[in-house]
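Following: one structure in structure tokens, then a few remarks.
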Amino acid sequence: MRLALFNGVMSFNLLSRVLVLYVTAQTFFKTGFASVPGLLLSESREHYRLRRETGPLSFKERPSNKTLRPGETVLIGCSAQNGNISRQNWYREDELLTPPFSGSIFVLPNHDLLVVGTEGNMGKYTCVLERGEETISADVWITLETVIAFLDKPSNATVLFGESHIFLCSAEGAVDISWTKDDQPNDTIIDGDRVLQHRGDLVFTAVSLTDSGRYTCTARSGEGDRSIQAHAVLNVDIDVNNVCGRPFHAHGPDGFVVGGTEADRGAFPWQAMLWDIRPARNRFFCSGSLLNGRWVMTAAHCIRESRVRKDEFIVRLGRHTTTRGVFEQTESSHMVEEIIVHPNFNGETYESDIALLKLSGPEVTFTEHILPICLPEVLDARRLVRSGQIGTVTGWGAMEDGGPYSTTLMRVSLPVVSLQRCRRAHPQFAEDISQNMFCAGRASGGRDTCKGDSGGPFASYDNGRWVLLGIVSWGDGCVLQGKYGVYTRVHRFREWIVTHIENPADPEEDGGNNSTIPCNSASCQNNAQCILADDREDGYYCNCPSGFEGRYCETNIPVQSAGGLEDGESRVTTLAPEVNTTTAQTDPCDSNPCQHGGECFSNDAGYRCFCPGDWHGDNCEKRKPCFVNPCQNDGICEENGDDYTCSCPEGWKGETCEIEITCPRGDVFYPTRGRFEMTNGNRYESRLTYICDQGYQNTGTEQLVCGDDGKWQAREGGHVTPPRCVETCGLSTFNYHPGSDCLGSDITAHFGVSLEFCADACCADPTCLSFQYNIASFCALKYKHCSEKVKSGWLFGDMYDRRVSDAN
């Protein structure tokens, strides 16, 4: 009974204890450790202890963004400040990186990230560190550096005036190519017409003298942060025998200075304006045509009827308007050295109405607004002056008979008519219209030359060039129905013209017996000039000054009405009539303000000096800085006010291009077990190539070029890596235990399956790498030895050191 009672009491106590344990377990599993005060307190204390001892989780090495060249390898570190972390992972574009890794992305055992620079490996990578409840992360972006290199570069060129030229420029990796000239903005050189850009190339449809200079092609990468430049110098040369009759602002001969239309600026660059600089006149009075750099052709009556001496007028070229006191940027003015009126000129009939003006030196500078017109061969001229052929006349003459003169250059196209028809239309002058003349116009009238057009050209467009056929001479009124204008037939005087402009006579150049020179015994009067002439029986003629005529210039020309005609006749020249002006009481030119031989003429603003040669300034007091080119080595002198700058050709620099660009020889690396070769010493654009001895290969930059900054640059752009000639050796295959902690440096990727170690020399043993996969190596690093423990105990598997001559 006692035993039974005892057993009953014991059973009750055990049952109650089991019940308590059961309830406690249920509570634990339902509410977790938080419901158990002792456990929660213990864990909280431990976490507090860790935070107190180590501090908050933070980065010791925080990864940063990288930009790689193609094929380049980068190691990216990521570690915690205290090192006590429970987990570290790398993500690529939010995807966990886990073995097996690809051949170009690895997470190494020390948790560094190794990435090879390929297009497929670019993007965002994230390093995540965890410790207990703490987590920190850092993003790193890996981008591929854009390779930009020239495929085509412009080169220096010398181009004939008026010819076309293309500067080539293209670059790999470039999204934008632009051009500048002499460091001026792009829009100052490209007009979309004569100069334009096609893709990367700069195209000149017809070069002008103003195109000479240094051009720079700039190629920019897609990011816009990288650019490369190439330079080329353009020199424009002039073939005076090939430039005539080819205006830059060209158009055909069609289109219809009465009844005409305004000419485009520069469309007729041979048009010359004769300007009377006598104070009482100060106006234009005739036109002319530029034949070459020293000679202008005009009508003889322009000189005789205006009664001007050679020092009383100037020839203005490149001018478009007749407005006084306005100097156009395109014009140049020239004094006259000599006037040659044809010896057979007749002031009554206008027979041989032709004269030549020799301009004072230096020769005319041709521009796109100043060019000569061609003098055709006789047979070509005869073909073009036949009845029905169209010619173009240009001038500043009256807009209508008796009306005002044009202030801008006008043009009109007129058909040639036969001499028979012309004589019938002008019966009172029929006998005067000779074979040395031709007529042009329309029987209906409406279009014609008129007063002010005298001396101007009648030109025809033939085989791509403008040729001079006639000189505006005279007419029976202007634009009268059934009447025509009369022109001097230029080709009839071709031999006389060529004799003077190509072989000017000089009585002093005989070198022997002066008694045989006809001019020594000539009877020219009134200060007339004696001119040798083989076509004359006595071997000369007298070039009469203004106001005189006759065989020996013995007859004084009386002042008369235009043309000197009898009452009742209506023949008129197209000479601009004099303007009634009153000479000012004080002429500003009386004090001769123009220096160095400059010519002064007064105008509404006071006076203006026309300066000779190399002088400029208000009073010709300044010498043009580029008149004598100070730039050396084919540098181009560019005037900038009173100063100048030299645009140097490639390979030269300095204020006057006197310094040759060279790259220091001391900056050249001398490779061990190799040599280098230069194409042109250390001069600009010389190429330097590193060549390793047989059995060795270069792991650095292979070729350099001497740049325009005087520094050696990598031939294909990018960074310069010193050359290293390393021995070409066999493959070594070995395994590594994952517990190894030895890691070599300077690791680059060998695409696909292996890592390639670059070294100064092959090593007997490869460098240890803490990695569990097979690694193939062409050549070991000049290695950091692993610890003895790793070498003896942790490295396992077979290690082969095979040397083969042709490793692959």
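Heads up, residue numbers simply count up from 1 along the chain you see.
Backbone N, Cα and C atoms are what each Cβ position is placed from, and that goes for glycine too.
Marked as domain 'Ig-like' by TrEMBL: 56-137, 145-235. As annotated by TrEMBL, domain 'Peptidase S1' applies to 257-502. Per TrEMBL, domain 'EGF-like' is recorded for 515-554, 585-621, 622-658. Residues or ranges marked as disulfide bond by TrEMBL: Cys544-Cys553, Cys611-Cys620, Cys648-Cys657, Cys663-Cys706. Among the features that TrEMBL reports, domain 'SRCR' is placed at 661-780. The domain 'Sushi' annotation in TrEMBL covers 661-727. The domain 'Apple' annotation in TrEMBL covers 729-804.
Taking the features listed in TrEMBL, we show where each one sits on the structure.
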residue	record	DSSP (3 states)
Cys544	disulfide bond	coil
Cys553	disulfide bond	coil
Cys611	disulfide bond	coil
Cys620	disulfide bond	coil
Cys648	disulfide bond	coil
Cys657	disulfide bond	coil
Cys663	disulfide bond	coil
Cys706	disulfide bond	strand
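Comparing CA positions across the disulfide-bonded residues Cys544, Cys553, Cys611, Cys620, Cys663, the one lying closest to Cys657 (disulfide bond) turns out to be Cys663.
Separation of the C-alpha atoms of Cys611 (disulfide bond) and Cys544 (disulfide bond): 28 Å, rounded to the nearest whole number.
Proximity of Cys648 (disulfide bond) to non-local residues of its own chain (separation of 6 or more, Cβ distance below 8 Å) is seen for Arg214, Val233, Cys631, Asn633, Gly635, Gly654, Cys657, given in sequence order. Closest by Cα distance to Cys706 (disulfide bond), from the disulfide-bonded residues Cys544, Cys553, Cys620, is Cys620. Cys663 (disulfide bond) sits 73 Å from Cys553 (disulfide bond), taking the CA atoms of both as reference points.
When the disulfide-bonded residues Cys544, Cys611, Cys657, Cys706 are compared by the number of other C-beta atoms lying within 10 angstroms of their own C-beta, Cys657 comes out lowest.
For the pair formed by Cys620 (disulfide bond) and Cys553 (disulfide bond), distance between Cα atoms is given as 37 Å, rounded to the nearest Å. In the predicted structure, the domain 'Apple' (729-804) carries a mean pLDDT of 35.
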